[in-house]
Each structure stands twice: as C-alpha cells, then as structure tokens.
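Please read the structure below before turning to the comments.
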Amino acid sequence: NFSQVTEFILLGLSDTRELQVLFLTFFFLAYAMILLGNLLIIVTVRTDPKLSSPMYFLLCNLSFIDICCTSVTSPRMLVDLLSQRKAIAFEDCIAQLFFLHFIGASEMFLLTVMAYDRYTAICKPLHYTTIMSRRVCWVLVSACWAGGFLHSIVQTLLTIQLPFCGPNKIDSYFCDVPSVIRLACTDIYVTEWLMASNSGLISLVCFLVLVTSYTFILVTIRIRFTEGHWKALSTCASHVMVVTLFFVPCIFIYLRPFSTSPSDKHICMLYTVFSPVMNPLIYTLRNNEVKASIWRLWKRCKV
C-alpha cells in the first residue's frame, strides 16, 4: 500500500515515571486476577458435572474470551511500561488490531447469546432444554467466533490499504482502528465512516438486543414473581453490570467519527482491563452454585 512507516511509537498512558510505576503495579495485578479468575471458572465448570447447563457452558466460553482479549493488549503494555522507547512494528500493530477486534466482537456476540439464554430460561422455562440444547449452544458459540472474524477482517483490510508515510506516534497503549488510521497520509473520511458504521453499529445493535432481552425478563419476573425468579433477577443484574461496563465505552469510542481525544485511551481501559477483571468476580461471588463448586474443587485438590 506504499507505506513508508515500518513501526509505530506508542505514547502510553503517561510520561511521568512515578505514574508509570503505579500503572505497572496496577495492571500487573489486574492481569494476574484476570488470568487466575477466569482460569478458575473454566476449570471449575469443566470438572463439575453439576455445572453442565447452557448458562455455565457460555460462562466458560466468556472466561476464555476474556483471557484472550486482555492478553492481546496487557502483556505488551506491561513491557512498554518498563521500556524507554515504546515501539511496535507495523506488522505487529496490524496483528494486534486484528485480534483485538476479532476477540472483542466475538465477546459482544457471546454476551448477546448469554442474554438470549437467560431470556429463554426465564420467559420460556418449559421449552428451555429444547431451545438451548448442547448442539444449539455449540452452533451459537461458533457463530459468535465467525461473526467476530468477519468483523475483524473488514476492519483490518480497511486499515492496511491506507498509506502511512509520515507521523508514526500513536497516543495510546495499544493499536486500535481510531488511533492508527488518523496517521494515514490520505483522506480517510469514507474509511472513517465505514469503520464507524461497522464497529459502532455492531456495538449498538448488540446492546439494544441485550436491553430488549432484559426488559422482557423484568416484565416476566414482575408478572410471576417467585423465589426462583428472584435468583434469576440477581443473575441478570450482575450480567447487566458487565454488559454496561463493556458496551457503553465501545459505543462511545466507535459510534462516531474518529476524532482525537486524550481521554479515549483511558476510556478504552474499561473494556480492555476492567470488564475482564469484573467478570470472574461477579460470576463467582454472586453465584452460589459456582462458589460451591469451587469449594468442592479446592477440597479435592487438598486431598
């Protein structure tokens, strides 16, 4: 594409050495929590036959996606916080951009599927086992990954066809579409709107589907309220917390022209770091079945 730029310089979150040390400590602990927490969920669900329902199957996949998503950005960011010159090769930058959108879009679709699972379990309990069979769950999860791949391919192809021949400093701690295409030495108006309509609309549509699902769930719970529905309401409330933390920043970043804003890189931390941290905390501390399974797993390991 006639690009002369062979590497990009990531400006990171701060130039102050003291803040860099603070960020390094915080993000290292956050990354460790994400890995350990989500791995614990995966091992617990895979080893306990009592957690064989579609909800826990989807939760296990969400934990795997969270590990992948944060591993795209966090290790590189931790290394850069220790380095004076935060350079990333052009090919590595494009690869990071591709996997970030691949896994991020897959997570959006999976969260939507999880909302549909809760809607089916609460609003159509008699048909739940038929609608959400194991085969259907595998098909839905595969569709999530396929949708994420198609989305990412579009974003990546629109990016690599741009010429980069001048500035190479990215005001962020990772390579993403908005920050990278601003450096192209050509008119990006059409490309900008194509990308915004792609990423932004996916985020918005998935969020609206989620809101609609939970609206139906709340109406159903209000009509026939029982102790079991109170438990379902608690589960959905925690799910809404994760959804809000993940989708609102994505909609803000992608559903608009890609203007330069120093605050964007801090907003991105919500869905690249904080959301993966919150998932294992919410789904374990607020779920008695998972906590009981973890305790049984712990006792088996001690023996």
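Glycine residues also receive a Cβ, built from the backbone N, Cα and C atoms like all the rest.
All TrEMBL annotations are machine predictions without curation.
TrEMBL annotations:
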DOMAIN    37-283  domain 'G-protein coupled receptors family 1 profile'
TRANSMEM  20-43  transmembrane segment
TRANSMEM  55-74  transmembrane segment
TRANSMEM  94-116  transmembrane segment
TRANSMEM  136-154  transmembrane segment
TRANSMEM  201-221  transmembrane segment
TRANSMEM  233-255  transmembrane segment
TRANSMEM  267-285  transmembrane segment
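Outside the transmembrane segment (20-43), and at least 6 residues removed from its termini, the chain residues within Cβ reach (under 8 Å) are 12-14, 59-60, 63-64, 66-67, 70, 74-75, 77-78, 81-82, 273-274, 276-277, 279-281, 283-284, 290, 294, 297.
For the transmembrane segment (94-116), the partner stretch with the highest count of Cβ pairs under 8 angstroms, out of 55-74, 136-154, 201-221, 233-255, 267-285, is 136-154. Listed stretches 136-154, 233-255, 267-285 were compared with the transmembrane segment (201-221); the greatest number of C-beta pairs under 8 angstroms is found for 233-255.
Scored by C-beta pairs under 8 angstroms, the transmembrane segment (55-74) has its highest count with 267-285, from the stretches 136-154, 233-255, 267-285.
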